[in-house]
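K.L.:
First the structure, which I've put down as structure tokens, then a few questions once you've had a look.
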Amino acid sequence: MSQLEHNIGLSIFEPVAKHRANRIVCTIGPSTQSVEALKNLMKSGMSVARMNFSHGSHEYHQTTINNVRAAAAELGLHIGIALDTKGPEIRTGLFKDGEVSFAPGDIVCVTTDPAYEKVGTKEKFYIDYPQLTNAVRPGGSIYVDDGVMTLRVVSKEDDRTLKCHVNNHHRLTDRRGINLPGCEVDLPAVSEKDRKDLEFGVAQGVDMIFASFIRTAEQVREVRAALGEKGKDILIISKIENHQGVQNIDSIIEASNGIMVARGDLGVEIPAEKVCVAQMCIISKCNVVGKPVICATQMLESMTSNPRPTRAEVSDVANAVLNGADCVMLSGETAKGKYPNEVVQYMARICVEAQSATHDTVMFNSIKNLQKIPMCPEEAVCSSAVASAFEVQAKAMLVLSNTGRSARLISKYRPNCPIICVTTRLQTCRQLNVTRSVVSVFYDAAKSGEDKDKEKRVKLGLDFAKKEKYASTGDVVVVVHADHSVKGYPNQTRLIYLP
């Protein structure tokens with residue numbers, strides 16, 4: 001059946017899927033930092049708690065981490081914790097009077113001369129990027145205050161100064177963000193603040209880093225180096241926020257554990273109408289190689305202050321699911337919004353509805369046809385297990401995986417049922433929260449040797465499937481696990497009728 005034939009058969013009157021494949025990342029802020037508020041978010045559908053290190057002190061984020069863990073423990077859940085770095089930024093300096101108003105047609109000079117750092121005026125103000133005059137040529141644009149104010153460069157006055165034409169009305173205040181669309185920007189991946197934040201994250205045992213403004217694969221490696229030996233198991237999710245990141249996406253994906261399509265800054269750095277193209281391309285590339293991908297920014301933004309989303313926002317979330325995103329993310333909606341629980345519940349419902357419109361077998365065949373032959377044995381086993389799940393219409397898949405690699409490989413091939421991963425590592429439980437369809441179950445391996453506890457772990461997973469109503473007595477569950485007499489990869493697939 002083609003995608004078009006599948007779409008024709010869709011009906012709003014059919015029951016929706018019993019499980020939600022897509023995961024939800026929630027930004028934690030004043031509206032949701034308490035243990036009780038976090039418990040409500042978790043009950044509503046939060047999988048990963050995001051801390052935005054552009055704001056707040058280490059003490060503030062320490063409280064968030066403690067509260068997330070306390071709330072998760074009370075509910076018996078394994079919630080991932082993500083540290084989102086501030087990243088390298090370009091900003092204006094200070095203004096002599098605190099703010100300046102501009103009108104269309106005004107002429108202003110921008111300078112990298114430190115003498116103007118704290119005494120900006122309507123005629124001249126400071127930008128803290130020393131290479132500014134080399135990066136932007138006459139005719140180019142400078143976006144100020146996250147793109148709200150635009151300047152067109154008229155001429156280069158000297159090695160530190162550009163004369164610019166103001167394109168629109170705006171009241172500009174201190175330390176506003178600068179974007180240089182289409183320009184090659186040379187900034188370090190890890191600022192001094194980022195380095196301290198990463199050290200804090202390692203000490204606190206966060207599960208993943210959302211690395212901001214990644215432009216090259218080398219910058220991903222810089223973040224990995226900053227995490228050090230103690231942080232070697234932390235996932236790095238690279239945020240794509242500018243044209244350089246899009247241009248270098250293949251090597252960035254290879255160097256990263258996952259990708260975030262951060263559409264806010266991306267929509268400033270490239271034309272807004274091209275963001276949907278970048279989003280679909282990046283998500284598809286991640287799908288082909290089996291790396292988790294998050295779609296973020298302005299997804300249900302109106303619910304920061306309104307109890308219901310706009311129809312366009314609903315379509316946006318659904319489109320991210322249809323594109324193939326593993327996760328969708330909420331920012332201010334949960335950090336400072338009036339309706340944090342409602343927005344997560346709404347997003348969860350949208351994701352489930354959008355699942356019905358995805359043609360899973362088409363996705364499976366497309367991904368498999370794009371793989372290089374010969375496959376590695378582990379991937380061959382996992383892809384064959386997914387094929388079996390489609391053929392027998394399995395209600396669930398069960399995988400025994402300590403690192404989560406096998407669970408991710410199974411997820412890569414997009415089965416249309418939940419993937420229950422029984423693991424002996426709590427960190428694996430939390431990190432798999434960014435992987436589509438995977439639900440983790442922790443097994444305490446200290447009770448017995450690994451060879452002896454295999455069937456106990458299988459039973460634990462089957463009992464969990466029944467308890468959570470993923471499957472019922474008589475339903476088929478596809479089980480994937482290793483035979484420890486043959487080392488190296490999970491080489492057994494079993495079809496079990498749930499007792």
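Numbers run from 1 along the shown chain.
Positions of Cβ are set from backbone N, Cα and C atoms, glycine also.
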K.L.:
Which candidate from Thr32, Thr63, Thr64, Thr297 does Swiss-Prot annotate alongside Arg50, Gly264, Asp265 at the substrate binding site?
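P.N.:
So the substrate site in Swiss-Prot includes Arg50, Gly264, Asp265 plus, from the candidates Thr32, Thr63, Thr64, Thr297, Thr297.
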K.L.:
Specify the nearest of the recorded positions Thr85, Lys239, Glu241, Asp265 to Ser54 (ATP binding site), where nearness means the distance between Cα atoms.
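P.N.:
So, spelling it out, the nearest of the recorded positions is Thr85.
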K.L.:
Please give me the recorded positions out of Asp84, Arg91, Lys239, Glu241 that lie within 10 Å of Arg50 (substrate binding site), comparing Cα atoms only.
P.N.:
Asp84
K.L.:
Indicate the candidate from Asn52, Ser54, Thr85, Thr297 with the smallest number of other Cβ atoms within 10 Å of its Cβ, considering only these binding-site residues.
P.N.:
Ser54
K.L.:
Round to the nearest Å and give the CA-to-CA distance linking Asp84 (K(+) binding site) with Phe53 (ATP binding site).
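P.N.:
The separation of the Cα atoms works out to 6 Å.
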K.L.:
Inside 10 Å of the Cβ of Arg50 (substrate binding site), count up the other Cβ atoms and send me the figure.
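P.N.:
Looking across every protein chain shown, the total is 26.
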K.L.:
Indicate whether Thr85 (K(+) binding site) is helix, strand or coil by DSSP.
P.N.:
coil
